[in-house]
Ligand code: ADP
Ligand code: MG
């Protein structure tokens, strides 16, 4: 009931269309119900065999039928056209709502959910919902009108025969509902199997470069073939069920006619019913039976659409973990003092990744984080833009707790350069301007110059309008990284996080990028994580983080002198090298 109410809400903007749709549905049903009556009139006339009367009334009958059919045409046209459009609009509303919700949901949601499934919610679930939204009310309305209407008319023609008919109909209904249940089970299986096929396809395509580099096409073929064949198998079972269902229904219809003919003949013999009435009766049986079948099949559409809607609501109702707190204020002018005060953090409330961390970074200074992989460096950085919230303690910028700053202004104040660079489908210009869509061409070029990528871009045939390919496939790692650095130059944040920005690059590209990064961190408070210690020597403070938390801190020469973990790392990397 709750879900039904939620569902009905989406009809609200389309109330007018909905009611016209229902009105048309009523008209269409009435025309269908009236047809045998007209025929009845006609045959009654024909049987009088009065030529004059027949000729006189024929044009009127013809005209009456014509008007009815035109009205039905208009009704059907409206239902099919505007009804579908209404469904599509509701679907589009929901799709946008779902998309926006996906944008709102926090990192933690994405840690736990599969993007393939999210895609399927956007595509197939919503399509099912749209079908239900449009066909649902119309089907129910038309069917019920026809069933009730034709049943009354059948009763009016002959009561005993209609009771016999009802008995056979109940038998048919039991069969139908029963078969339909089985069909639905197979259908659900179908759904799961196609999801597996899609997942397998998506996974393989996304990893196509790895597949090829391992020459693993045959392995992928096998994997795909398995799910593909399972899907086929499931479909075959589905069609078998469908065969039983449809043929069975047909058979029962035959039984209905058989019963009617035999009992009808019997009643004619007894003089209880006229032969013409029997013919009309048979026509009404069709009008009575078809909607029953439609309703039974409709249960499937209902189930599909409604379970899709439930999944939709589940996502819509998920509260993003990270949202603006009530009373959150814009960050205002940023100076750039950063402080971590007794910060503890855990992803799952059991394993503490960080415990009791204290770090102060005065505005404009650079702090470097060093330590073994998995020590928590990235995690520590992600607390600053509130990708996650601290479990205990606080993170402040200029003395303000980040939780009291609006998310938008907070994240606009922080620039991040990571190891993995994501390029959006589009041109180089689009990608640089990502953080400032209204940037002028001069600003874009200036950012590109600062990131040492301008010359490269100018060397391309289409310059800044060069399409980067899916995920930037047409660019090298170093080029992508420089574009991402240009992005941050353009954004011009007061605070900068460099998380292994050069780790994926070769020495040559790294040296190029090092200059841009140094340029970038000028006048900005910077947290830098790097696996090459040469890049962090100049940091104002170096903090060594391991699983045990902060184990050492100080500047480069202090830590070398101390001869602890940092010195050990440093010597390991530069053994035999003169720098
Ligand atoms: P570093 O950047 O120092 O290599 P991370 O901050 O990435 O370390 O990871 C610290 C710890 O937190 C690791 O044990 C890692 O497995 C865990 N971790 C990182 N990201 C997540 C996440 N999204 N969900 C759960 N655990 C995570
Ligand atoms: Mg990391």
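The backbone N, Cα and C atoms fix where each Cβ goes, glycine too.
Feature annotation (TrEMBL): of 251-271, 314-334, 335-355, the stretch labelled transmembrane segment is 251-271. Highest Cβ pair count under 8 Å relative to the transmembrane segment (251-271), across stretches 58-79, 151-175, 278-296: 151-175. Nonlocal intrachain contacts for the transmembrane segment (278-296), taken as residues 6+ away from its ends with a CB within less than 8 angstroms of a stretch CB, comprise 32-33, 35-37, 39-40, 43, 139-140, 142-144, 146-147, 149-151, 153-154, 157-158, 161, 165, 169, 172-173, 176-177, 180, 249, 253, 256-257, 260, 264, 267-268. Listed as Cβ neighbours of the transmembrane segment (151-175) (distance under 8 Å, sequence separation of 6 or more from its ends, same chain) are residues 33, 36-37, 248-249, 252-253, 255-256, 259-260, 263-264, 267, 272-273, 277, 280-281, 284-285, 288-289, 292, 296.
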